[in-house]
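Engineer: The following block contains the structure, expressed as structure tokens.
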Amino acid sequence: MEMTSAFTLNVRLDNIAVITIDVPGEKMNTLKAEFASQVRAIIKQLRENKELRGVVFVSAKPDNFIAGADINMIGNCKTAQEAEALARQGQQLMAEIHALPIQVIAAIHGACLGGGLELALACHGRVCTDDPKTVLGLPEVQLGLLPGSGGTQRLPRLIGVSTALEMILTGKQLRAKQALKLGLVDDVVPHSILLEAAVELAKKERPSSRPLPVRERILAGPLGRALLFKMVGKKTEHKTQGNYPATERILEVVETGLAQGTSSGYDAEARAFGELAMTPQSQALRSIFFASTDVKKDPGSDAPPAPLNSVGILGGGLMGGGIAYVTACKAGIPVRIKDINPQGINHALKYSWDQLEGKVRRRHLKASERDKQLALISGTTDYRGFAHRDLIIEAVFENLELKQQMVAEVEQNCAAHTIFASNTSSLPIGDIAAHATRPEQVIGLHFFSPVEKMPLVEIIPHAGTSAQTIATTVKLAKKQGKTPIVVRDKAGFYVNRILAPYINEAIRMLTQGERVEHIDAALVKFGFPVGPIQLLDEVGIDTGTKIIPVLEAAYGERFSAPANVVSSILNDDRKGRKNGRGFYLYGQKGRKSKKQVDPAIYPLIGTQGQGRISAPQVAERCVMLMLNEAVRCVDEQVIRSVRDGDIGAVFGIGFPPFLGGPFRYIDSLGAGEVVAIMQRLATQYGSRFTPCERLVEMGARGESFWKTTATDLQ
């Protein structure tokens with residue numbers, strides 16, 4: 001059976017050829033290797049028709065142009081040579097589009113990313129819509145790759161090398177007005193006239209290339225270029241800690257093209273693409289992509305979700321304000337906040353105002369749209385307006401009696417169908433639901449701070465939670481833009497449970513003489529975004545350590561924190577960044593101020609901070625405890641799969657993405673090697689390092705958590 005073409009050609013009466021992109025059976029247009037023959041057949045027709053005045057590429061999808069290349073193509077490559085050949089095929093196809101003798105225009109609406117932008121760059125002009133859905137970027141670096149179809153060569157010549165490097169090295173996505181300002185697109189128009197605007201541009205004479213800004217022209221010269229690449233290389237190395245080989249190859253390939261010409265640049269690009277595709281870092285990053293995509297498709301349970309027309313929030317503090325923002329402004333669901341104090345309501349409203357006003361200032365949002373979104377949020381000091389709310393999110397203090405009281409009040413003041421979701425980070429959901437008249441509608445919905453930035457939520461049903469309650473809560477989390485994992489109702493749930501021994505070990509090393517900055521730097525070098533001591537300061541030392549006694553009571557001595565250290569720090573009024581002093585000292589300007597280690601911390605905990613062990617040893621001690629606890633969570637079915645475990649660790653605590661998550665990292669080392677390391681550490685430092693039974697058994701049998709493919713489990 002012949003495959004329906006993803007590219008169709010229609011010649012208008014004005015002799016403009018319109019090529020419509022519509023991948024059959026898919027919501028998103030993605031480029032596949034088999035499309036090359038389709039495009040070449042169309043190019044042949046275009047060349048044969050001497051009456052044509054121009055060509056326009058446009059998408060038939062409602063909200064995307066081309067979202068990128070199909071990543072499965074890379075996974076199907078067994079060697080670097082196969083992946084390189086894939087890149088060369090893409091380069092050749094883009095070159096054939098660019099070589100057409102008539103004006104070729106890309107009419108862009110929605111996501112234009114990766115291979116989609118490379119196709120647009122191969123065109124002679126680009127018009128995009130002013131819709132918020134329209135974004136342009138080259139995100140391949142986030143998969144451990146570089147643009148392989150000419151993007152590293154065309155983009156610097158179009159918008160300048162420094163701007164192009166920023167886009168390619170970070171995967172940054174541009175909105176329409178930003179793209180216009182940088183010269184990436186030639187015009188920005190309403191969606192309703194996109195095709196006609198592109199057609200008019202296609203009819204015009206091909207313009208000479210737009211002159212680059214003076215700064216970019218200086219940086220394109222040999223001296224400026226040498227200085228730029230040295231500075232960018234140094235900055236990139238500091239940011240990546242050498243853990244992401246793609247960034248180094250991007251710099252190398254872009255510089256080759258500028259110094260030696262496009263032919264050498266394309267050759268270097270294809271070679272680098274092939275080699276990067278085979279790196280363990282790219283394989284791990286692609287596994288995270290597939291896993292997160294899979295999680296987003298998971299409904300959480302087999303039951304159909306209930307309607308979600310309105311949400312209530314109890315508590316207008318930092319978490320309540322953040323939850324209100326993502327519910328109203330991301331999910332588009334009306335929110336009513338209840339707080340006993342009018343100041344709490346004002347705080348929550350101001351939180352959303354600050355977020356939206358920032359978008360208006362950056363021209364990412366119109367003032368009218370800001371006002372429309374803010375109108376979805378209202379407040380009250382009692383339960384007026386709560387009677388028909390479909391779901392209530394409780395974000396009050398971590399106190400069991402208070403949360404049980406909230407359940408009782410919601411059941412008294414809200415409808416019989418209303419779901420009660422607690423944002424607890426440590427209290428058992430079963431205990432919160434203990435006195436509920438409708439316990440099947442009580443569930444945990446654990447957000448991470450700051451709510452608007454952290455992508456993960458944990459959804460925690462207790463033994464009596466209904467399947468529909470689970471499905472409805474998962475549905476809400478997805479609408480809020482979150483990646484939800486369903487976890488079992490056990491102490492610490494998943495993320496805090498694997499994080500606690502990691503932080504405990506860092507504090508223990510601190511008491512044994514290691515310096516704060518040495519510990520943090522060691523884990524940043526390993527690949528975490530911040531070190532464990534700094535993380536504790538950011539979360540709040542009082543907040544971050546509150547869960548330790550809960551975990552110790554549930555799981556025993558391996559969760560005990562170093563005696564008296566935490567109490568000594570808290571008794572000295574050290575809460576972390578929020579009160580300006582923790583392990584670090586912070587200036588008076590709040591969150592943007594520069595921090596420095598407070599030397600007074602060492603005598604406070606009874607050490608001189610002289611340090612004795614290497615950075616890799618520091619990282620090993622912290623990370624091995626995290627891995628061991630993650631395996632226990634699988635064994636106890638705290639998480640439903642190692643997929644959820646990897647996603648939870650990467651999205652919830654910043655476990656190094658280039659390692660793929662705790663379980664993929666164990667597989668890369670080998671379970672037997674992890675067991676050997678832990679047994680050595682147990683001999684040196686104590687029984688808390690004893691490897692769990694599941695890990696020992698897997699090591700003995702040579703088993704892995706994941707199969708060889710990026711998406712399947714054993």
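Keep in mind that glycine also has a Cβ here, set from the backbone N, Cα and C atoms.
From Swiss-Prot, for reference:
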- 1-190: region 'Enoyl-CoA hydratase' (REGION)
- E118: site 'Important for catalytic activity' (SITE)
- E140: site 'Important for catalytic activity' (SITE)
- 306-714: region '3-hydroxyacyl-CoA dehydrogenase' (REGION)
Engineer: Can you grab the distance from E140 (site 'Important for catalytic activity') over to E118 (site 'Important for catalytic activity')? Cα atoms, rounded to a whole Å.
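Structural biologist: The separation of the Cα atoms works out to 11 Å.
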Engineer: Around E118 (site 'Important for catalytic activity'), which residues of its chain at least 6 apart sit with Cβ under 8 Å of its Cβ?
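Structural biologist: The answer is G90, M94, L138, P147, S149, G150, G151, R154.
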Engineer: Grab the pLDDT values for the region 'Enoyl-CoA hydratase' (1-190) and give me their mean, rounded.
Structural biologist: 95
Engineer: Have a look around E140 (site 'Important for catalytic activity') and count the other CB atoms within 10 A of its CB, chains all included.
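Structural biologist: I get 29 for this one.
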